[in-house]
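One structure below.
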Amino acid sequence: MAAPRETKKRSTRRKKDPNAPKRALSAYMFFANETRDIVRSENPDVTFGQVGKILGERWKALSAEEKVPYETKAEADKKRYESEKELYNATRAA
């Protein structure tokens, strides 16, 4: 006769604080958000995954000079996130 199995407890994810600052976007994400609608209009029958693949290929094809505006936006967003995070942590600790 087999021994009874032990049941594992499911680990539950901790709920995100709705007041926490939004994470900073990468240069690629700024590019993807800006270009996604263009890709969809050029290829109306492609799936969500295929759109992502096309965006990735276009990002890789960009020169370093063409990526500069997106990297600038990403740097500014990173600074925004860091300042909001400091403020959030200060108010949480108080």
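Any Cβ shown, glycine's included, is placed from N, Cα and C.
Remember, TrEMBL labels are computer predictions, not curated facts.
Keep in mind that this is a model prediction, so the values were computed, not measured.
Listed in TrEMBL for this protein:
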type: DNA_BIND; residues: 21-89; note: DNA-binding region
type: COMPBIAS; residues: 7-16; note: compositional bias 'Basic residues'
type: COMPBIAS; residues: 72-87; note: compositional bias 'Basic and acidic residues'
type: DOMAIN; residues: 21-89; note: domain 'HMG box'
type: REGION; residues: 1-23; note: region 'Disordered'
type: REGION; residues: 72-94; note: region 'Disordered'
Number of helical, extended and coil residues in the compositional bias 'Basic residues' (7-16), per DSSP: 0 helix, 0 strand, 10 coil
Helix, strand and coil counts within the DNA-binding region (21-89) (DSSP): 56 helix, 0 strand, 13 coil
Tertiary contacts of the compositional bias 'Basic and acidic residues' (72-87), defined by C-beta under 8 angstroms and 6+ residue spacing from its ends, are 21-27, 29-30
The mean pLDDT across the DNA-binding region (21-89) is 97
